[in-house]
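I have placed the structure first, in the form of structure tokens, so that the comments after it can refer back to it.
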Amino acid sequence: AASFALMFGGGWLEFCVALAAGAAAQAVAYAFRRAEISLVLSSLTGGLVCSAVTMLAFYLFGLSPASVETILSGAIMPLISGLMMTNAVRDALRGDLLSAMARGMEALLVAVMVALGISLLLRFYLPVEVEPLAEPGWAMAVVTAGLATLFFCPLLDAPPRAMAPSALLGMVSYGLYLALRDAAMVGETLSLFFTAAAIALLCALMARRMRMITTIFLCAAMIPLVPGLGLFRTMRALLLAQYDMAISAGLQTLFAVGAIALGAALGSMRLHKPKRARPEKER
């Protein structure tokens with residue numbers, strides 16, 4: 001959570017507050033899982049905890065609205081299942097419609113509950129239109145993307161020996177995305193598509209080298225690309241009846257998810273071609 005706050009343009013104060021908010025939300029989520037409480041209530045409470053810790057820092061340190069949004073955007077990344085939405089689109093492309101529908105509905109439900117929990121406290125304190133903080137430099141963004149991927153690996157149940165390679169792939173993933181978006185001027189959607197395709201190939205090669213499952217590396221490497229921030233802004237705008245903003249943010253998020261999923265699916269297919277059947281030998 002804290003690394004995402006830095007990746008979204010925050011400073012060390014935002015880093016510390018996001019760390020506290022994210023840790024508190026994860027502690028609540030862990031306690032709810034142990035008690036076998038529903039995912040809906042867990043997500044709602046996680047959003048409430050994130051916003052409560054952030055608003056406490058807002059009053060103590062005099063944070064700006066942009067800082068508050070940056071902190072919340074980082075703190076809720078472990079809660080909002082943007083990665084689940086991406087995997088849902090991939091399942092649909094592979095023809096597994098039941099799995100795609102299940103993952104998509106679960107991710108949407110989680111996003112709505114998290115946004116609802118946050119909006120219950122923030123709707124009276126934070127303006128709807130917030131000017132985002134300036135993005136960090138390229139080097140800082142890439143390093144924080146690697147850290148975010150590294151610390152996200154335990155949530156994905158990645159083996160310990162896969163964590164360092166996953167962090168490296170996360171750095172390459174976000175660095176390539178920034179290079180395509182800013183240097184090559186390819187555009188947001190195409191940058192995500194080409195990055196996802198390239199990273200899927202690299203993940204497959206890494207999996208072969210380490211004799212592990214490709215999904216372990218692919219899920220981790222896609223973390224910096226997942227549009228969790230856009231999903232949060234979409235749900236929050238809907239709950240505040242800002243429908244124009246919700247449609248705009250929702251379409252951008254949908255295009256981003258589709259580009260990532262399509263690129264990852266095509267990149268994975270390149271190294272998973274069906275083998276030709278060998279002709280039977282004549283007796």
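Numbers here mean position along the shown chain, with the first residue as 1.
Note: Cβ is positioned from N, Cα and C throughout, glycine not excepted.
The average pLDDT computed for the domain 'Threonine/serine exporter-like N-terminal' (1-124) is 79. According to TrEMBL, the domain 'Threonine/serine exporter-like N-terminal' annotation covers 1-124.
For 12-32 (among others), the entry in TrEMBL reads transmembrane segment.
The transmembrane segment annotation in TrEMBL covers 39-61 (among others).
The transmembrane segment annotation in TrEMBL covers 67-86 (among others).
Taken from TrEMBL, the feature transmembrane segment covers 107-126 (among others).
Beyond its flanks by at least six residues, the transmembrane segment (138-156) meets 3-4, 6-7, 77-78, 162-164, 166-171, 173-175, 178, 216, 219-221, 223-224 of its own chain at Cβ-Cβ distances under 8 Å. Per TrEMBL, the feature transmembrane segment maps to 138-156 (among others).
Feature annotation from TrEMBL assigns domain 'Threonine/Serine exporter ThrE' to 142-268.
Positions annotated as transmembrane segment by TrEMBL: 163-180 (among others). Outside the transmembrane segment (163-180), and at least 6 residues removed from its termini, the chain residues within Cβ reach (under 8 Å) are 7, 138, 141-143, 145-150, 153, 186, 190-192, 194-195, 198-199, 202-203, 206, 210, 216-217, 220-225.
Annotated transmembrane segment per TrEMBL: 186-205 (among others), in sequence order.
The transmembrane segment feature in TrEMBL is assigned to 212-233 (among others). Here the transmembrane segment (212-233) has Cβ contacts under 8 Å with residues 7-8, 72-73, 76-77, 80, 82-83, 85-87, 111, 114-115, 118, 145, 148-149, 152-153, 156, 158-159, 162, 165-167, 169-170, 172-174, 177, 192, 195-196, 199-200, 202-204, 206, 245, 249-250, 252-253, 256-257, 260, 264, 268 of the same chain, all six or more residues outside its ends.
Taken from TrEMBL, the feature transmembrane segment covers 245-266 (among others).
For the domain 'Threonine/Serine exporter ThrE' (142-268), DSSP puts the residue distribution at 111 helix, 0 strand, 16 coil.
The DSSP breakdown of the domain 'Threonine/serine exporter-like N-terminal' (1-124) into helical (H, G, I), extended (E, B) and coil residues amounts to 101 helix, 0 strand, 23 coil.
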